[in-house]
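See below for the structure under consideration.
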Amino acid sequence: GSIWRSSQPKVGVSGATCTEDERLCQLVAHSADREGSPGVLHIIDCRHWSSANANKLTGHGFENSANYKSAQVKFMNIGNIHIMRESFTKLVQLVLNPQINDVYWGSLVEDTKWLQHIRGLLTAVHEVVRIVHEHEQPVLVHCSHGWDRTSQVAALAQMMVDPYFRTLEGFPVLMEKDFHSFGHPFQLRLAHGESSADRVNEQLSPIFIQFLDAAWQIVTQFPYMFEFNTRYLLCIAEHVASCRFGTFLFNTEKERLEEDIENKTVSLWSYLRLNRKYFLNLTYKRSNGLPQIIDSQDDVILPPLPVLLRGVTLWSDYFLRWSPSPSFTHHAFTPRALKRLGTLGGTEQYDEHDIFDTSRCSVADLQLPEAFCKSSEAEAMVLEVMVEAEKWRVKALQEKMRSVFEVSEPSQPSFASSDVVTDATQTVTMEGPPITIGESPSS
């Protein structure tokens, strides 16, 4: 399969057609022809059907299957920039409100509908990956202008399909290609340097932050599949608005070239590359050993959709990074705890109340490499212990399953009973560490 992107067609209420456009889509569909099975171009329209249909009044709209004969259109019901701005504003107001009743924190976060929009975005991404990988068919993604929702869905889908875009080298390439080169209007969406009186509030929207949030959801659910850690995404998110780098300035490549951004400013990607050791994921592997979730042959991330959506949580390291109490979403250790693990060996002198948080960082934190190194050592040690514990859990489950399916051989064994025992044995002894539940080996 392949992933294509565009903006909406100019159909209008009169049902205008374009022979060249229809022919192009037909050729893309034929690229997936198989013997006895013609290819189909799956058009993923990120909008609601009602929104796409209303755009006909402005001379736009969506593809008519009567004209695009080798295409199928599916609407993914992702909200527009105004809906996302409203939801984001509610969430920001919530996290900054000291008067809320935290007993209802979870429901209050859900009431902002931010997580609902993240799930909707991931649903569209999952559909693209499923069609491209499982059905090996081409997908055309578009919304209205083709630079907001289209960039989000296309980039996230490529990240799940291609392991290159999950590396420290490939992720910036993906950003430059699908957001910068395809014209995502950073200035319109973020209003860098503009006063409240000068900016166009109707064009403000946290599209890129939402993309990073969705990427964070995938990274946290499948950390083994990414060369970078969540701190990497957090650092990018902070500098979207810092204007310390020229990476997110202006709306188009044309404007950036005219302003000579490349020579007048520093690139965020260069900065991250110079400090790559702080953003390396210690658990990075090509496959995490879960064949029912990860395609180990080509490292495509394609979990069951409910698994992906039910794992969506608040990006607390971003939205709560200024909270009075630190977020312990990932491992955070005190020197006392590290000494118990043997990481510090009792030789270094640290205050007992210091905390090394391995997931949250700001630019200032990059001046403390020793703290990061100690945190990384602790993470590596904890990972080693977890792997060893997992081996014992697998062994315990195997022994338990064998005892459950152990059947004394009858004088005339039936075909069915023998078949059950064989299947059970194969299930227990499958290669790769399965997702296990069970008791410790001593039980």
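Just so you know, glycine gets a Cβ as well, placed from its N, Cα and C.
Quantities reported herein were computed from a predicted structural model and do not represent experimental measurements.
As written in TrEMBL, here are the features:
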{"type": "ACT_SITE", "residues": "Cys143", "note": "active site, phosphocysteine intermediate"}
{"type": "BINDING", "residues": "Asn80, Ile81, Cys143, Ser144, His145, Gly146, Trp147, Asp148, Arg149", "note": "substrate binding site"}
{"type": "DOMAIN", "residues": "1-319", "note": "domain 'Myotubularin phosphatase'"}
{"type": "DOMAIN", "residues": "119-159", "note": "domain 'Tyrosine specific protein phosphatases'"}
Quiz item: Once near-sequence residues are set aside, which residues in the chain of the residue listed as 'active site, phosphocysteine intermediate', 6 or more away, have Cβ atoms under 8 Å from its Cβ?
Solution: Ser7, Gln8, Asp45, Cys46, Arg47, Ile78, Arg149, Thr150
Quiz item: Does anything in the same chain, at least 6 positions from His145 (substrate binding site), have a Cβ under 8 Å from its Cβ, and if so what?
Solution: Ser7, Gln8
Self-check item: Neighbour count (Cβ, 10 Å) for Asn80 (substrate binding site)
Solution: 16
Quiz item: What number of additional C-beta atoms lies within 10 angstroms of the C-beta atom of Arg149 (substrate binding site)?
Solution: 29
Exercise. Compute the mean position of the Cβ atoms of Asn80, Ile81, Cys143, Ser144, His145, Gly146, Trp147, Asp148, Arg149, which form the recorded substrate site, and then list in sequence order the other residues of that chain whose Cβ is within 8 Å of it.
Key: Cys46, Thr150
Quiz prompt | Residues in the domain 'Tyrosine specific protein phosphatases' (119-159) grouped by DSSP into helix, strand and remaining coil | solution = 26 helix, 4 strand, 11 coil
Quiz prompt | Around the Cβ of Trp147 (substrate binding site), the count of other Cβ atoms that are within 10 Å | solution = 22
